[in-house]
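K.L.:
First, the structure itself, so that you have it in front of you.
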Amino acid sequence: MSELKNDRYLRALLRQPVDVTPVWMMRQAGRYLPEYKETRAQAGDFISLCKNTELACEVTLQPLRRFPLDAAILFSDILTIPDAMGLGLYFETGEGPRFKTPINSLDDIKKLPIPDPEDELGYVMNAVRAIRHALQGNVPLIGFSGSPWTLATYMIEGGSSKAFTKIKKMMYSEPQALHLLLDKLADSVILYLNAQIKAGAQSIMIFDTWGGVLTGRDYQLFSLQYMHKIVDGLIRENEGRKVPVTLFTKGGGRWLEAMAATGCDALGLDWTIDIEDARRRVGDKVALQGNMDPSMLYAPPARIEQEVATILAGFGKGTGHVFNLGHGIHQDVPPAHAGAFIDAVHRLSKPYHQDND
């Protein structure tokens, strides 16, 4: 594997000195880029794009050709594991992801296989290997998975949900069934992420998109407990370097201390959290990633720059901050605005790291 030329993203996650604050964007390979739309059209649909090694590699690299980003993230979907378990993932226009055979009972859960990452999910590992090779050591590659709780919400609801009544019904009336599902998912995620690391992923992110819909007690029991199990089961060093792990619970600002206690290296913050407050609470234990409101990218570049300056000042001096949006970039954002955002982070963050030169 090529020697890493720009490692500031990995260094910041491990709270080691950096020259400027590193930056990448959730969903940086996506529909806001015209070249992505062309490649997706070529693939036919989203799932075919994920499963085509060459095209998944191409869309991963597209934002890096445009912008001086400090990391690449594997182009894939969080629902690859439930799909590999046989639930039949498909996408309904305007509806988002759906499953042909959602989970309805304890029997359904008992029958679920734990997918082999090099077999049913081999297409993901092929993409990781191809992307890692194509990056030529320019920037690190982030691998990822959905959290067990978030995967379970889609598997039980049958797709996206607003009220989460089906999974909450199981959680409160058949908790042992839900725990069995979450345990199977945690085991599957450990295998899946470790396979990504062996294939070349240099950092790992766990997306807990729906943890924020839970009460504090239920979050600990049904979401965080299983992310903790995953953190404990991951390969944390590969190719002579540490492999940092970031946990991101959207709506999880109340639980940063508990999240930091899992042994992860960093926490992703959504835009509803004050980064200064977050650093005060957990900055001595973990790095922080985030957390500009993705909708700020609709604003004129001067306003974007102002927001970047505010967030940098909120975090303050020194390392331990990876700049990002608080969630994925919206599909109708002008690419030039994303470029202005990335440039502003690098330019304006220099003074915060001067003691490190």
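Our numbering is plain: 1 for the first residue shown, then up by one each step along the chain.
Cβ from N, Cα, C; glycine included.
From Swiss-Prot, for reference:
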{"type": "BINDING", "residues": "Arg27, Gln28, Ala29, Gly30, Arg31, Asp77, Tyr154, Thr209, His327", "note": "substrate binding site"}
{"type": "SITE", "residues": "Asp77", "note": "site 'Transition state stabilizer'"}
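Any idea what these are sitting next to in the structure?
P.N.:
Residues within less than 8 Å, Cβ to Cβ, of Arg27 (substrate binding site) and separated from it by at least 6 positions along the same chain comprise Gly328, Ile329.
Secondary structure at Asp77 (site 'Transition state stabilizer'), as computed by DSSP, is coil.
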K.L.:
If you count Cβ atoms within 10 Å of the Cβ of Tyr154 (substrate binding site), leaving out that atom itself, what do you get?
P.N.:
26
K.L.:
Mind checking which of Arg31, His327 has the fewest other CB atoms within 10 A of its CB? They're the binding-site residues.
P.N.:
Arg31
K.L.:
Over all pairs in Arg27, Gln28, Ala29, Gly30, Arg31, Asp77, Tyr154, Thr209, His327, the listed substrate binding residues, work out the largest Cα-Cα distance in Å.
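P.N.:
Site span for substrate, by Cα atoms: 23 Å.
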K.L.:
Please compare the recorded positions Ala29, Asp77 by how many other CB atoms fall within 10 Å of each one's CB, and tell me which has the fewest.
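P.N.:
Comparing Cβ neighbours within 10 Å for the recorded positions Ala29, Asp77, Asp77 has the fewest.
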K.L.:
What's the CA to CA span in angstrom from Arg31 (substrate binding site) over to Asp77 (site 'Transition state stabilizer')?
P.N.:
14
K.L.:
I want to verify one value. Collapsing DSSP to three states, which class is Tyr154 (substrate binding site)?
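P.N.:
DSSP assigns Tyr154 (substrate binding site) to helix.
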K.L.:
Quick one: Cα separation, His327 (substrate binding site) versus Asp77 (site 'Transition state stabilizer'), in Å?
P.N.:
15
